[in-house]
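Report on the structure given below.
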Amino acid sequence: MSPLETNPLSPETAMREPAETSTTEEQASTPHAADEKKILSDLSAPSSTTATPADKEHRPKSSSSNNAVSVNEVDALIAHLPEDERQVLKTQLEEIKVNISFFGLWRYATKMDILIMVISTICAIAAGAALPLFTAPSTFQRIMLYQISYDEFYDELTKNVLYFVYLGIGEFVTVYVSTVGFIYTGEHATQKIREYYLESILRQNIGYFDKLGAGEVTTRITADTNLIQDGISEKVGLTLTALATFVTAFIIAYVKYWKLALICSSTIVALVLTMGGGSQFIIKYSKKSLDSYGAGGTVAEEVISSIRNATAFGTQDKLAKQYEVHLDEAEKWGTKNQIVMGFMIGAMFGLMYSNYGLGFWMGSRFLVDGAVDVGDILTVLMAILIGSFSLGNVSPNAQAFTNAVAAAAKIFGTIDRQSPLDPYSNEGKTLDHFEGHIELRNVKHIYPSRPEVTVMEDVSLSMPAGKTTALVGPSGSGKSTVVGLVERFYMPVRGTVLLDGHDIKDLNLRWLRQQISLVSQEPVLFGTTIYKNIRHGLIGTKYENESEDKVRELIENAAKMANAHDFITALPEGYETNVGQRGFLLSGGQKQRIAIARAVVSDPKILLLDEATSALDTKSEGVVQAALERAAEGRTTIVIAHRLSTIKTAHNIVVLVNGKIAEQGTHDELVDRGGAYRKLVEAQRINEQKEADALEDADAEDLTNADIAKIKTASSASSDLDGKPTTIDRTGTHKSVSSAILSKRPPETTPKYSLWTLLKFVASFNRPEIPYMLIGLVFSVLAGGGQPTQAVLYAKAISTLSLPESQYSKLRHDADFWSLMFFVVGIIQFITQSTNGAAFAVCSERLIRRARSTAFRTILRQDIAFFDKEENSTGALTSFLSTETKHLSGVSGVTLGTILMTSTTLGAAIIIALAIGWKLALVCISVVPVLLACGFYRFYMLAQFQSRSKLAYEGSANFACEATSSIRTVASLTRERDVWEIYHAQLDAQGRTSLISVLRSSLLYASSQALVFFCVALGFWYGGTLLGHHEYDIFRFFVCFSEILFGAQSAGTVFSFAPDMGKAKNAAAEFRRLFDRKPQIDNWSEEGEKLETVEGEIEFRNVHFRYPTRPEQPVLRGLDLTVKPGQYVALVGPSGCGKSTTIALLERFYDAIAGSILVDGKDISKLNINSYRSFLSLVSQEPTLYQGTIKENILLGIVEDDVPEEFLIKACKDANIYDFIMSLPEGFNTVVGSKGGMLSGGQKQRVAIARALLRDPKILLLDEATSALDSESEKVVQAALDAAARGRTTIAVAHRLSTIQKADVIYVFDQGKIVESGTHSELVQKKGRYYELVNLQSLGKGH
């Protein structure tokens, strides 16, 4: 049964009142874990969105990118509303807080899973218990003392050897079963969590998404579920095995001889105390280090998210210095942390060697007193050695468990949330027959994500069945809100929405949405074929289960109706063409027509068209418009339109202004009334006669997709679910200028680097630390000698204890000496381990700091096109700075030191063994490669498991993210079940393939564990034979045996660094790639002519431009424009027509594709970039302030640090903010908070203007500098801008025309060209495009 048919709310959660919601992380169990969680969540949080060129032109209605707001904040924001309205908003936002125990992670385990886990647990414990049973060497002593004959000895020996072989076989079986079992149940449980999570996400109301941000869902479904899987898979088995080893070893020791075991346990207490004390410091220091990195990360995030600002002002160096302050701080704490770690490891080795000394010394006393025999002493010592080693294997896994619990708390919180608008619910009635009459009664609406804005106030509106109602009005007047309320995406805070007189609240939500088809302004297609995309329109309708032929007929008819059939059949694969993720392989007009076909295919009763033709050019719009009019016949249709010509035939036209109805009637009635609507019509009518189709426009459809595929570099290659890349090759009839040039550009390639290149590259970061490196490496060699020395001492001690009773006085003397030697080795180990730890600590922390600071500076060096790419989003780059640099230290000194240490151990062990007894040494050496291979395979497999499961889930995660990021489309198509079933099928397929690889790789892992026993058996058998023939004494036997086996095992641990080294290699390649990338427009470049002065004459000559990330969309099409020195020039036009692009090209954020831009007659691409930009100042729509004081923020306007006070004051006075600053208690030293959050919009904007004026620019660029302000602040800021423009060449982009009436020249843009120019009064008299814009705006003001 799929989770869809069950309710994930268990009775006890359903009974509970939804808890007050907050997003604190109480679940993270230790302060350290909590801290890491915080950093992780900070990294994964979707970064604050800055306007990329793409969304500058289309800003979504609600872009609150902050993650789930806590309840107290929500309460504060809605406090001004009446109680019932508050309740409506709260239910749409409410979150549940869940507390989870570790066992709660198996919430969805089936009976089968539990059975497998029980078996795996038993096996894991058995596998752990086998290791200490290793300890049975008493036979040797009896033969040394000639107590038994050779034959008797040989029988005993064979028994012992067989005992090891059986243990090995047992180990193989138990390890195999427990590894496979835990990995399988871990994957299975996580798969269920993923399915329930997606199901729950698809259930949630749209308001919840507005607040959540798609990034959050992506993080949960990818990173967080991986953390859970990590915490409940093989690590559970490894931990149980280690604990079992520890317990068994100590039981054996105490059973054999409790007094000696008790004395040896005392050092374990010392060890625990040392570790505990040390870890307190480690937690403290790493918290401080993480805090500093966090603060640095915030700076990096602020700077990268406002990169245009930093680039325009040339303040990269200043900002990089601010970042480096935090890095230095982090380095200081990080170094302390690593040094403490080094001392802890040193203390651990020191105590362990002292423990051997103590054990032998006490053992010799007990032996002489006759209290115990030699065999028991050896057993106790071996057992304690093995037991204390295994305890070290538990701690690394503990972190994985706490992370898993913390990650699950958030995910289960969403799963348990009951959506107020649940599309899965069967509640509510369905109507057998309805006409389609829609009515809004006294509706008041507020978006949950923006509770401070009332979008609609007391609107009553009747939309008769079978008739077309059109909504017009300025943006933000509430047109799209009507659509959102009819679709029930939101609940109105007051009033009702009725369908045929039934309150839609009482109707079943899924049924309601199935009766309605929606075509929105920016149509969303899914990453599948055109056929399947149109077929999505049939989900839940009476045609859903028709025969395939009938469905195909319906789909083709719908495509013909939407004027899409012809272009679809012209594609090589026709209807089976894959459209790519979100349909990016098609042009805007093609996507729009497929969306229309999808909407009409099910013959819906109600059709909602939200600016359905806005993405089309004039030619295709006419055809589609005719199609829509045909489609609207006989249905209730609601049309939102900007172009009034498209709604002339509507039965009723409703003019909305500021959330209220201004006037309504038919086209003729409204024109006769002579109100606002008539002015609009006149303005538009005049224009439509004047408009001539632009060259690029007429053939926008024919811009070949082959060209697009060429420009789109590998970065956006979309692939189908089975992994085949999808592109459309189609030859076009005619290319525009810019696409012709773009198609000649070579595609970007990704360089590959050899391991040696990367090692040299990483080493270059550590060049100044070479003395520390040398100290570290020398002490690593010394530390590596500890193990071989210990083996000699061990063998000496054993042969001493084997002396017969007659030599007890010699025994006591020798035992004292060798015990003392153990103690000395312990002290030496403490010194060498601590010293190399400290030396490498300095190296690796400095490496991380240098890498971060260099990377940050290199990122700031890049051109703006680099930041427009999706893979270089603010979040991605900040996380690259924090995680990849950490990985880089995987090939720094510490790892090299460890490798050197273990190589020394192995080398010394082999030499000593060969010197003392070459026969046995050679036999033992023959198994070393096998042991090493086992060690290597073990870690290779673990690394494979992890990377495999990450990769496997990327495909399905992408699918889930595509669905959640276009949740409105999924909801309006009622595709929730369909999406869930595809996701479920993908996870199932992954589960099957991963099971096969788990079965294979666990086989290797289990073999590697069992081989250790077989190798021991071989050495034991051959050594025993030599002993029996009295060729070797017990000393030679034990030296060779323990040197090589222990040496090889410790050498095997080198491979535990393999995953780190793998990550480090990838990280180094990423860094190298970044450092090798030379931006086209290079901020560091000294080339080009440096300017002494600038007059300020500007000219654009036939400039063509497309954004590198959207090469299919021409933005400027042959722009010609001149500005005289000192002129105030305004650029106006509808959104997306290229105004802001003109400013970006002037700042040289991008280079034009064709044509040239001249300042004072010089081509700006030939000038020195920094010299040129120093004469410009930019004030943009969203003022950018950084953490710090007002003064620091203003000083960012210039490169120099020391500015005379009077310049600063003059800039502030000109910006109309000086008085305000002086009124603050701290004056210029007032802290502005993150992103300037402590100041209002108007205050921030004026600080930004002061910063721009401090440069004393010759050219001032204003990009909608007042559009984000309310009318009060707008006046003040506008006055400041007018003052600032005196005596300078000023170019202003404006949405509010009232702000530019005084301009010397106004250029009117449309579709990337200038259609009119002149002064305000000239243009108004022309009654052209400008006149229409003026009327549109006065409509908004007049009511």
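These residue numbers are counts, starting from 1, taken along the chain as shown.
Every residue gets a Cβ built from N, Cα and C, even glycine.
Per Swiss-Prot, the feature region 'Disordered' maps to 1-67.
Per Swiss-Prot, transmembrane segment is recorded for 114-134 (among others), and the stated evidence type is sequence analysis. Within the chain carrying the transmembrane segment (114-134), a Cβ under 8 angstroms from the stretch's Cβ atoms is held by residues 106, 164, 167, 170-171, 173-175, 177-178, 180-182, 184-185, 236-238, 240-249, 252, 382-383, 386-387, 390, 1009, 1013, 1016, all 6 or more beyond its ends.
The domain 'ABC transmembrane type-1 1' annotation in Swiss-Prot covers 115-403.
Swiss-Prot lists 163-183 (among others) with the feature transmembrane segment.
Taken from Swiss-Prot, the feature transmembrane segment covers 235-255 (among others). Panel annotation: around the transmembrane segment (235-255), residues 120-121, 124-129, 131-133, 135, 175, 178-179, 181-182, 186, 261-262, 264-265, 379-380, 383-384, 386-388, 390-391, 393-394, 397, 400-401 of the same chain, lying at least six beyond its termini, place a Cβ under 8 Å from a Cβ of the stretch.
Sequence-remote contacts of a segment are chain residues at least 6 beyond its ends whose Cβ falls under 8 Å from one of its Cβ atoms, and for the transmembrane segment (263-283) they are 30-32, 250, 253, 336-337, 340-341, 343-344, 347-348, 351-352, 354-355, 358-359, 362, 380-381, 384, 388. The transmembrane segment annotation in Swiss-Prot covers 263-283 (among others) and rests on sequence analysis.
Positions annotated as transmembrane segment by Swiss-Prot, on the basis of sequence analysis: 339-359 (among others).
The transmembrane segment feature in Swiss-Prot is assigned to 366-386 (among others); the stated evidence is sequence analysis. Beyond the transmembrane segment (366-386), the same-chain residues lying 6 or more positions past its ends with a Cβ under 8 Å from any Cβ of the stretch are 131-132, 134-138, 141, 245, 249-250, 252-253, 256-257, 259-261, 264-265, 268, 352, 355-356, 359-360, 798, 801-802, 808, 811-812.
Sequence annotations record features per position, and here Swiss-Prot assigns transmembrane segment to 773-793 (among others).
Remote same-chain residues near the transmembrane segment (820-840) are listed as 338-339, 341-343, 345-347, 349-354, 356-357, 360, 772-773, 775-777, 779-780, 782-783, 786, 789-790, 793, 797, 892-894, 897, 901 (criterion: CB distance under 8 Å, separation of at least six residues from the stretch ends). Summarising the annotation, Swiss-Prot assigns transmembrane segment to 820-840 (among others).
Residues or ranges marked as transmembrane segment in Swiss-Prot (evidence: sequence analysis): 887-907 (among others). Sequence-distant contacts of the transmembrane segment (887-907) (same chain, six or more residues past either end, CB-CB distance under 8 Å): 758-759, 762, 765-766, 769, 772-773, 776-777, 780-781, 783-788, 836, 839-840, 843-844, 847-848, 851, 928, 1047-1048, 1050-1051, 1053-1054, 1057, 1060-1061, 1063-1068, 1071.
The transmembrane segment feature in Swiss-Prot is assigned to 920-942 (among others).
Counting residues 6+ beyond its ends, the transmembrane segment (1010-1030) has Cβ neighbours under 8 Å at 130, 134, 139-140, 143-144, 150, 153-154, 157-158, 160-161, 164-165, 167-169, 171-172, 175, 917, 919-920, 923-924, 927, 930-931, 934, 1037, 1040-1041, 1044-1045, 1048-1049 in the same chain. Feature annotation from Swiss-Prot assigns transmembrane segment to 1010-1030 (among others); the stated evidence is sequence analysis.
For 1037-1057 (among others), the entry in Swiss-Prot reads transmembrane segment.
Annotated domain 'ABC transporter 2' per Swiss-Prot: 1098-1336, in sequence order, evidence recorded as sequence analysis.
Looking just at the domain 'ABC transporter 2' (1098-1336), the mean pLDDT is 86. Below 8 angstroms of C-beta separation, residues 349, 353, 356, 766, 818, 821-822, 825, 828-829, 832-833, 835-836, 839-840, 843, 893, 896-898, 900-905, 908-909, 912, 1038-1039, 1042-1043, 1046-1047, 1050 of the same chain, each at least six residues beyond the ends of the transmembrane segment (773-793), sit close to that stretch. Packing against the transmembrane segment (339-359) from elsewhere in the chain are residues 260, 263-264, 266-267, 270-271, 274-275, 278-279, 281-282, 285, 377, 380-381, 384-385, 388, 783, 786, 790, 793-794, 797, 818-823, 825-827, 829-838, 840-841: each is 6 or more residues past its ends and has a CB under 8 Å from a CB in it.
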